[in-house]
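Everything on this sheet refers to the single structure shown next.
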Amino acid sequence: MALKAEIRMAASLIRLHFHDCFVNGCDASVLLDGADSEKLSISNANSARGFEVVDTIKAAVESACPGVVSCADILTLAARESVYMTGGPMWRVALGRKDGLVANQSSANNLPSPFEPLDAIIAKFQAVGLNVTDVVALSGAHTFRQAKCDLFRNRLFNFTGQGSPDATLETTLLSDLRTVCPIGGNGNVTAPLDRNSTDVFDNNYFKNLLQGKGLLSSDQILFSSDLAVNTTKRLVEAYSQSQSLFFRDFTCSMIRMGGIMNPINGSSGEVRKNCRVINN
């Protein structure tokens, strides 16, 4: 079991599913190799993980039932199991996706970024048919996973351009993170997105935001930004108080995300034999 070997893989598989569905719909385009692959995009290069896990699952499925189960369905199911096996909810996954024939590196370069303001992030969700509730609920997947220093160091020292850190970052966490990610340090060093329960799927992520302990700027702005007052703050507060409500909305959002842009089905697309390349 991949998760028994490395529990962090659960978060990596959820992230792969998210990055797949936001580009061309949930068609496993993120799994394709090649010079123009989504793997080499700004959002995925040197950070996306879990490809070998999907390869292993695909090989086992092909051995038992060749040509039937798509890589897109495998990735969707792997994300669901990753949530459930780390303490999160279970839901029924609609199946029947086909695998796409092309990658879209340019779109992968434009995935929601931890450096963007809240209005830009909301707009990117709305562009693929998702809403503000989906923004907050799906951000809750940051209840586990690690993030590299390069993704949040801007908050630690010169966030304002005048030598000051991000004022919304809790002071003890700020001090700790400056030790982990000093100026000029290795940008690939990681810190947990949710240090209270690093390997468990729960609602502690939202409790952290109320205390100024969101790691990424894109996390904390869900509670602390001016725009949040009339958009996302209420949901953060509600999820911090009710894990069952978070689980319910997260489940609905994952199902909606799994249907972004009507994933390829019917006569379009194919069931890849190897998730990394289209069939000959």
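We count from 1, first residue shown onward.
Including glycine, each Cβ sits where the backbone N, Cα and C put it.
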Legend entry - Cysteine paired with CYS275, where TrEMBL records a disulfide bond, from CYS71, CYS149, CYS181, CYS252: CYS71
Inset, instruction - Count the Cβ atoms, other than its own, that fall within 10 Å of the Cβ of VAL23 (Ca(2+) 1 binding site), considering every protein chain shown. - result: 28
Inset, instruction - Show, in sequence order, which residues other than ASP20, VAL23, GLY25, ASP27, SER29, GLU38 on the same chain lie with their Cβ within 8 Å of the centre of the Cβ atoms of the Ca(2+) 1 site. - result: HIS19, CYS21, PHE22, ASN24, CYS26, ALA28, VAL30, GLY100, ALA103, ASN104, ALA108
Inset, instruction - Take the domain 'Plant heme peroxidase family profile' (1-279) and average the pLDDT across it for me. - result: 93
Inset, instruction - Quick one: of ASP20, ASP27, GLU38, ASP194, ASP202, which of the binding-site residues has the smallest count of other CB atoms within 10 A? - result: ASP202
Inset, instruction - List which of the recorded positions CYS21, CYS71, THR143, CYS181, ASP202 have their Cα within 10 Å of the Cα of ASP27 (Ca(2+) 1 binding site), in sequence order. - result: CYS21, CYS71
